Amino acid sequence: MPGVAWLLYSMLVLLLLALLGAALFFWQHTPARNKIPRAQRRRVVALQQMEALAKRLRQQEPSLDPKPILELPLETLVQKLQDEELSVESVLCSYLEEALKVHQEVNCLTDFLGECEEQLQALKKLKKTERGLLYGVPVSLKDPYDCKGHDSTCGLTQFLEKPAAKDGVIVQVLKAQGAIPFVKTNIPQTMYSFYCSNPIYGQTLNPLNLKKTPGGSSGGEGALLAKGGSILGMGTDTAGSIRIPASFCGICGLRTTGYRLSFSGVSSAVKGKKSVTTVAGPMARDVESLALCLRALLSEDMHRLDPTVPFMPFREEVYSSNQRLRIGFCETDGFTQPSPSMARAVRLTSRLLQDAGHQVIPFSIPHIKYAVKHLFEGGLFADGGATLLEKLEGDIVDPCIKGMINWLRLPDLLKCFLAWILKYTEPRASQTCEEIRGVGTPKKLWEQHAAVQEYQQKFIAKWRFLDLDVLLLPAMDPAFHICYSEIGTDIASYTGLYNVLNFPAGVVPVTTVTPQDEEELAFYTGYYGDSTDKNFQRAVQGSVGLPVAVQCIALPWEEELCLRFMKEVETLAKNHSGPK
């Protein structure tokens, strides 16, 4: 009997502990549970206001056919607006209606910027000589771009109900150039994810395949642009957050050099990162649109509003040059084995460039494992993830990032023990216990930053030795299945490296996944044969017909050359009639 009594007593204690744990969990998440429904209701109201504006504008032009407007490339649309062949109302109405349709399909919008109606009326009063380069162009913005009176959430409940006091610098410059910001788009929680899901606004789907993700963290932008609900968008990029959604959705995107564009008035879950540069950049359906956007942004207004940004106007002579290029060529970075479609896309582009008279020189990435594991991941989690976890306190963690967050929440001692085991079971794992915990002290942070600078100089020295103009390598392709398993941050080696180096980098779609690519994927093993390689293989399966891009890289401050190279790749890929 004493044994039975002890068993009953133990079960009662365990039950009480479970109830206490559940109560504590519920108490911790109460603020989130209260804020999220309010945010969701605000979005419903905002989208109703968006629909109402679209109806009012349509009443002014009942016979408006939006299809011809939506099919226009940005360059042509701008010209027709300037020449008054199209009215600002008809263009905004067309994109309001289309954006709402796209949102119904893929859940990509987080907010409607109702002030766009007032801005439209102000634009109509301008003289022709006062109109900016983007006069009347509807522009979509990724969630973290500050717009007066609107939240910039980063998918976090902590950032809800804290509307921006003023527009961010880039938003101000866009408006000064005549653009009409009209919606904000969805992002993954914390914006540290390849996916596009958060507990506030839910999961965004890839419009090209609803079983796939549009990518992260600028996934809402990628989805909206790919489906034609916007003609020009602004994203941000920490580890490929512009380039991954652009490649997954079959559009173009540019990661600019840090500080070429202002980052003032752009929210972030983790600010102050020095070793991995987060930047702003444009996303659009073609390269010319990216160039036009950059021409508009690189104005005196940018430097006046943010003096920390150097005044460097767009160099037209570089972008429009026809000079033959010396192109470094990488089929692989040597760390992440490219999928069959990734490798084929780079080989195809290399061949097209050679046939067009450009020189293509083999290039290998120096010390890639060190750069990814120690510089990229070490810089991304320099504080051991403490700031990220702080932002998630009291929040509901989205399933797509739960694996990463669970790892960061482990006690340091257990992390170190697991890291020691992983060295023997996961060949790519190489971080020290100190790096797992985060570099922490100011001295260590300085050493980390110095190591990045040293690596950058070695990389540039190799580039200069080969006398290269630009670099061609794979983008991250094709699109992953939604929230597929646990794909670690190091799979972003193809994109994250250039945030460490702080090089401008853009992606251009050149082909699509073929049945043969899918067949070859069955034999994919990766370079390490570990869980990361296996998860990557599974994540990209079932992608026949989805876009595949390549990545174009230039040296710091050479955005115009990067765009010129992207334009060349885009033109050659479009004109290519042979097997892709």
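Keep in mind that glycine also has a Cβ here, set from the backbone N, Cα and C atoms.
Bear in mind that TrEMBL entries carry predicted annotations, made automatically and left uncurated.
As recorded in TrEMBL, the features of this protein are as follows:
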type: ACT_SITE; residues: LYS142; note: active site, charge relay system
type: ACT_SITE; residues: SER217; note: active site, charge relay system
type: ACT_SITE; residues: SER241; note: active site, acyl-ester intermediate
type: DOMAIN; residues: 92-563; note: domain 'Amidase'
type: TRANSMEM; residues: 6-27; note: transmembrane segment
Packing count at LYS142 (active site, charge relay system) (other Cβ atoms within 10 Å of its Cβ): 30
Inter-residue Cα distance where the pair is SER217 (active site, charge relay system) and LYS142 (active site, charge relay system), in Å: 9
The domain 'Amidase' (92-563) [mean pLDDT, rounded to integer]: 95
Neighbourhood of SER217 (active site, charge relay system) by C-beta distance under 8 A, where only residues 6 or more apart in the same chain count: LYS142, ILE187, PRO188, MET191, TYR192, SER193, CYS196, THR236, THR238, SER241, PRO245
Neighbouring C-beta atoms (10 Å sphere around the C-beta of SER241 (active site, acyl-ester intermediate)): 34
